[in-house]
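Everything on this sheet refers to the single structure shown next.
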Amino acid sequence: MSSESVLPNSVPPTSNGNNISPNVLAREAKRKQQAADRRVQKAEALRKVNGAWIGAFGITIWVIVLQVAGLLLFKNGFLLSRPVFEDHSECSVLPETQDNIVSQPSKGCWTEPSFDKAILIVIDALRFDFTIPSDKASPSHFENKLPFLYNEFINNPQNSLLLKFMADPPTTTLQRLKGLTTGSLPTFIDAGSNFAGTDIAEDNWLAQATNDNKTIAFVGDDTWTALFPNQFGNISFPYDSLNVWDLDSVDNGVIEHIFPIINGNYGHWDIAVGHLLGVDHAGHKYGPNHNGMKDKLEQMNQFLENLVASISDDTLLVVMGDHGMDLKGDHGGESLLELEAALWMYSKKPFFGRKYGSDIYNTSDSGKNFRSVAQIDFVPTFSLLMGLPIPFNNLGAPIVEAFIGPDSKNYQALARAEALTAGQIHRYTEKSTSASSAFSESTIQELWHNVLSADSIGAGLSAAVAYQTAVIDHYREKWIKFHLPDIIRGVLIITASLLSVVIAASNINGSNMLQTAKRVTISALSFSAVGFVYRISQDLVYSVLATTSLGIVLGLVWTSRASHAVSSSSPAPTPTPRSNTQEGQDEQGEEADLGTKKVKETKENSKLSAVPSVWTILAIFLSLVHAVVFTSNSFTVWESSILNYLLATFGFVAFVYARRLDDVIRRTIATWHCVAFIVLTKISSFSVLCREEHGIGCKSTFYQDGSSISSPYALVGLVIVSLALPRIIVSFYKTSESYHGAAPIWLSIGLQTIMTLSGLFWFLDGAETFNWKVAAAIDHELLHTVKILIARIGLGASLVAGNYGWLKGTLCCQLDFEGKRPILKGYYNIYGSFAFLFVLNFFAATLIVNKPMGGIILSVLIYHSMTLMEILHLLQIKESIIGPVVFGLLGSAYFFSTGHQATIPSVQWDVGFIASKTISFPLTHIAIFLNSLGPFIITALIVPIVPLWKVGPFKSGEAAFTRALKSALAFIAYHTVVALSSMIWATYFRRHLMVWKIFAPRFMLAAVTLPAVGVSIALALLAVGYTVRQVSNIF
């Protein structure tokens, strides 16, 4: 027994000679014992909170692992790349073909070279209609600004050739360069590697030229050096290619170096490659119809005139675009404007002919019917003209005009080129397993037999063209091989993750979170070990993933059965706050908020007794409707509009229930928030980014006049919301007397400052874009440096300083006195008010990397979210699954409203350079990530806070955490349903005409969103856990 608990028989006298009363000592000992007991109780409470915190985080991580595994398996089965062979054509080995047409030449490889040297100039995004004349009364900025190519084509037809150069989607630069050098077709998944160029292992004309001891000089886009690191010798001047805000550096570098290269100042060369980027970057930054594009095209026109004057008679000059651009200046998809590039070939000696036909070089209607060739046709054409073997994987055909001669009658040379190309394609088809399984034996043999048995030039020419056409048509239509076992495995694992989330949400409570996480971990690891050792499948990876997913599900079932066993033997404790009941506490909270008389609980409960089932049914209905959208290509294309209708549906149902509330003030406020929710839904729908499939009936409002620049009106709107939003949030905080502690610093100083910085950044950008006087008075480099500094300050303040300050900050409450009676203001929203400041940190960072209209819409999202939290609170449905589902709908709807679509061209790559001049990790990656997925991240961070909004401290912090975790799991379940539906229907429509334009991109969006949501939820749970711990420390 401690000394504090034993009373002595005598006590020493006090300093004044008096003895201390035994009663006083007893009371002091009792007080100390009670304090010690409280410390023990608080330590135990914190231990339980920490256990729940760790358990919830662990459960979430296991769900994320399961979902990522399922998505990767599905991706591997659905987005298979084409077969690539590392075989190389050999100079001395001619392909099998007609003996009477093809023989080994005395000079060169498969043919005698027509030119000694070649200059290849790639003008990135040189759209075909940029090069032909327009007779419009008021031509656009991009029309009639590059007349040199067409004028030469008309005035010197034997020296120059202009053709429409059709790209194969995806129209990303890296994939186009692969096609232009190897002659192979890309696949959809190749678009994802546009920013991760790696050495090309397959055969290409650069490797063939190097093998033939030709020296290749290069200047321009550094993508070439990433793809061909060993092909360029000492004459190489690469420039950073992905800073789309830099219109001049690469172009000026090419112009500076290409003429010395041609003149031999850097040494001997055989092939010179120059790749200019200014036209492409002007399109991304401004769109094609802008003065910036006009200036670029005029610069290119002058450059090409000077270049033609500098070349020798034995040099072939080729000018080409790798792709086009859409009306906004973007590319990556497969609209006609993105696919239509230009090809111009020039020789000072008469060389080119014309293909006969009825007006096939017609420029009317923007060259709609102008003769076109595929971009992969350049590969066999260039290879044979330079006396090189055709690359092994080539599927292109020779360009007729380049072989038919200046008199357009050299059919023997054309037949030789066609026969060699057909022979090489036949080599490839024999090697390719996909070809042998796709063609019937009789069909392929018959086509090839026609080539070999041709007894005349005309017959051989026709047979070779027929064979090439049949093969390329087959590959264009059915290149992708789907691996159904992996697809099914991926679907099953995602289904297992959905089942896991539902089981966890149904059975988790604060007292068993840590135990659940332990059981799931043990079960998952045990089953994964079984899968590794015994292999339920020949595929080891799938065996481990399948058994691990089974282990996770069984671990949750194990916990569920244990929980039911405990609950059957003894009543489960109900998590209650410091007031008598949770509902009573909620009512007290509303008394503090509204200053009203206490609502009679009996009347309220009788009125809303059926509400939970109604809201659950509505939540399931809304989720299923969103999932059903992917059953149709039209519904998928118009997903954004459907989401707005679903949100409005919730708003109207909530309005009906708000009008049924008995308390007048509650009814009035709830009605106001429901109306505001519907109005905000409509406001957010005004921001639209059209996609090609929307047709002419859609008008983009996210950018100005369908370009890629922000409207000055959006700049004004951004300034207005920058002033309004902090005040709106403050008004919400004041309803629960939470505008204390850290709140004033965050809202009135921090958030206001960040939003002001965002407005300043875009004002300076607008001044530069629209050539305002303020921009003219500042040096361009200085202006750009100031913009980058502003962006970095904003990102640093929000993500680093803001979160550090939040961890060190105080709760949003304040002790006050009414007379002698102490009152803790903010008590009834002590969790939600503090945790929401954490959300605002990420909102502020996302705002910095969004364009003006995007910033406006994100601000509306915050207002929308707070209104939704008030509705859920006032209708007493914070713990229903309707809240997470509607937040899921909000995140999806605002993804579209912030200038995005489920398409590659809609990705706003240019924001990667808001905080840096070049690609810089992690600034570039953070900017693109937050810009693309910002609405999903913000709503995910809010969802765990919803059940704690306007709730006072719980006696058990575990109870608060239980609410947060269940809300978070419901949100994950909603996004899992959406992802699962997109996977199932993408599989169902895998042979649909629109699979790569609509269904596959939508799956890719879901595949990116689902893990991002999971990670955001895990982050939010950490923040909520920290908040609960802070509150538990005090109460």
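Counting starts with 1 at the first residue shown.
From the backbone N, Cα and C atoms, a Cβ is placed for every residue, glycine too.
Looking at 244-265, 398-419, 552-573, 882-903, the range tied to transmembrane segment in TrEMBL is 882-903. Counted as Cβ pairs under 8 Å, contacts with the transmembrane segment (487-505) are highest for 52-74 among 52-74, 709-733, 745-764. When the stretches 52-74, 709-733, 828-849 are ranked by Cβ pairs under 8 Å to the transmembrane segment (784-807), first place goes to 828-849. The transmembrane segment (855-875) makes contact with the transmembrane segment (642-658): 3 or more of their CB pairs lie within 8 A, with pairs spaced 6 or more apart in sequence. Contact between the transmembrane segment (882-903) and the transmembrane segment (642-658) is supported by 3 or more Cβ pairs under 8 Å, counting only residues 6 or more apart in sequence.
With respect to Cβ pairs under 8 Å, the transmembrane segment (745-764) is most closely packed against 709-733, considering the stretches 52-74, 709-733, 828-849, 923-946, 967-988. Away from its own ends, the transmembrane segment (52-74) comes close to residues 486-487, 489-494, 496-497, 500-501, 504, 508, 510-518, 520-521, 524, 541-542, 545, 548-549, 552, 957-958, 961-962, 964-965, 968-969, 972, 976, 979, 983, 1003, 1007, 1010-1011, 1014-1015, 1017-1018, 1021-1022, 1025, 1028-1029 of its chain (Cβ-Cβ under 8 Å, at least six residues beyond either end). Here the transmembrane segment (642-658) has long-range neighbours at 608, 611, 618, 622, 625-626, 629, 635, 667, 670-671, 673-675, 677-678, 681-682, 684-685, 871, 874-875, 882, 886, 889-890, 892-893, 896, meaning same-chain residues at least 6 beyond its ends whose C-beta is under 8 angstroms from one of its own.
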